[in-house]
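Working notes, structure below.
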Amino acid sequence: MSMMTVWALRRNVRRKNHSMLVRYISGSASMKPKEQCIEKILVANRGEIACRIMRTAKRLGIQTVAVYSDADRDSLHVKSADEAVRIGPPSARLSYLSGVTIMEAAARTGAQAIHPGYGFLSESSDFAQLCEDSGLTFIGPPASAIRDMGDKSASKRIMGAAGVPLVPGYHGHEQDIDHMKSEAEKIGYPIIIKPTHGGGGKGMRIVQSGKDFADSFLGAQREAAASFGVNTILLEKYITRPRHIEVQIFGDKHGNVLHLYERDCSVQRRHQKIIEEAPAPNISEKFRANLGQAAVSAARAVGYYNAGTVEFIVDTESDQFYFMEMNTRLQVEHPVTEMIVGQDLVEWQIRVANGEPLPLSQSEVPMSGHAFEARIYAENVPKGFLPATGVLNHYRPVAVSPSVRVETGVEQGDTVSMHYDPMIAKLVVWGGNRGEALVKLKDCLSNFQVAGVPTNINFLQKLASHKEFAVGNVETHFIEHHKSDLFADESNPAATEVAYKAVKHSAALVAACISTIEHSTWNESNHGKVPSIWYSNPPFRVHHEAKQTIELEWNNECEGTGSNLISLGVRYQPDGSYLIEEGNDSPSLELRVTRAGKCDFRVEAAGLSMNVSLAAYLKDGYKHIHIWHGSEHHQFKQKVGIEFSEDEEGVQHRTSSETSSHPPGTIVAPMAGLVVKVLVENEAKVDQGQPILVLEAMKMEHVVKAPSSGSIQDLKVKAGQQVSDGSALFRIKG
């Protein structure tokens, strides 16, 4: 396919003349006849799901094509594909959501089928229809089913007509704000506002009273439009103690439909799942059978084939389940189902797309053991789980095995940008029963190493270790109801003292380990090598007892309350051990360190030996040091006091973030993002709690409110402007 042809296609597409593109693709010699099997798949997605689809395709001997934006040029999914095509700038609207551009990529590479993954175009009936009209195989359900189920209002009307129980609500076409507010009052507060299209919790708002309705409704519309291109909304009665249980269904083109049991996705933050499991705990076999049958009936009602998920909300007080929505795609959490049924669902998708019947009947679908999935995100947990951006300076996932999977789309050195979802990886584990699987989950979380961006790993460890989670007492408000256990409480002196004691122990381990590294580093530098990142202190006298002081600033990663300086005396003893002195009449700690790798150590203290790992990188004039041992992970930093070689510093992440102090009353950005809307003017009088501006990052909106009453001063931003985390937005003058 010549570049002249591509340009001609683009010209016609821009004139909204899609017919030429359809005719071109349909007539291409590379398009497969219907009786042939798929030989080349274009994956219209990015990140971990693109890598996961390609893995199965390659196992089946199918060639793969990746698409990428400028931000993803060097991403893992691009490297994993046989071919890759650039589709536009970083903005998802101009790249991964551009169906016509993706169709051009398919024509250019001779792909016979398109797998949409999840998100982006996966639930676009228009895109599925374009594939069908163009002679391409869309690896997913028919466009008609996506259309019926993609509109949540329409899907609820269909399910209601089919006798599936529904939560009371409004699913009509009238979207006038006054009409919607009137409907909300009829339903009765609290209510939940949901976009009629899309998923992932985007655009969802819980409204407790009428006074909050207008702001929530308009915010939901904006977020829905930004994420899905459609801003229509539905309203539902908000069930106060619900469980979120979904059923994996599968159909083929021969009329067969079955379910592969259920998943519990109740543990959520910001209306997004973070730990999923299969099967759901604490339900009866009768409940499971009824739920599965309801899901199959829902799929049959719309002539469904390929992979889909029917989501139900379960009232924990009555044990009644209600249809919530149907996701017409492969779900993020599909691996937990794969683990308990022993099947590759992407392979099923491809075979169904080829016209093959389902490989099993309902009675043949096995269920073995229990599986968990934990989603590892780049996010600031102390800041309300706000998404974070930055470089993965250190990335060491756990080792995979038949019972442990790591689904990821990143490598060490990659950047987590503001343009896409901040997920780093999915950790999936299997055990013979729920207890065994939970033990494995906690162990793997303890050994999953990420440094360079804040993550939710520590929070996931707390969730997995909670006594109520251990017995399966889960519901969607689990985090809110147990926040005193899950979040650090600075007002509890005993808990604070225990936490700080653990930090000081980690600091002692860091001091001993970096002293060990510095011995070898000094020897290397004496032979003409430039000091590495680890060298920051004078060398010890090797054959005599010597002492140095190491100062570490502790970044309080739990509470996000700043740094604490820890000063340690490190005494090198003739027998090769270290004596760590913390001062303040604290007892000394004797440590013996054996180097087990570049940054891995075996440390013995008081007859107890343990594995310790360190990672370090340069950022903002500091050496940042992370330590992992047992279930502990802490981070420290040291002011860099020597010059490093250009090569040494060149590979480290450097930012231009603001480090100077701000005038009193200055409000700074809680995250990097795009200013969507500025709601007031400079010098305007505002009340405490009044919304001032709206930020968007990773398609999620965050409203910045006035912390106190006063007048707005030094308003520095406008709509459409990008801001960095911690940059000044405005000032409140009382």
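Cβ atoms are placed via backbone N, Cα and C, with glycine included.
Of the listed candidates (GLU185, GLU236, GLU317), Swiss-Prot assigns GLU236 to the same ATP site as LYS152, HIS271. Looking up SER153, SER645, SER709 in Swiss-Prot for phosphoserine, the annotated residue turns out to be SER645. Counting other Cβ atoms within 10 Å of each Cβ, the binding-site residues GLU311, GLU325 show the lowest value at GLU311.
Predicted-model confidence for the domain 'ATP-grasp' (156-354) is 93, expressed as mean pLDDT.
Cβ neighbours within 10 Å of ASN327 (Mn(2+) 2 binding site), excluding its own Cβ and spanning all shown chains: 22.
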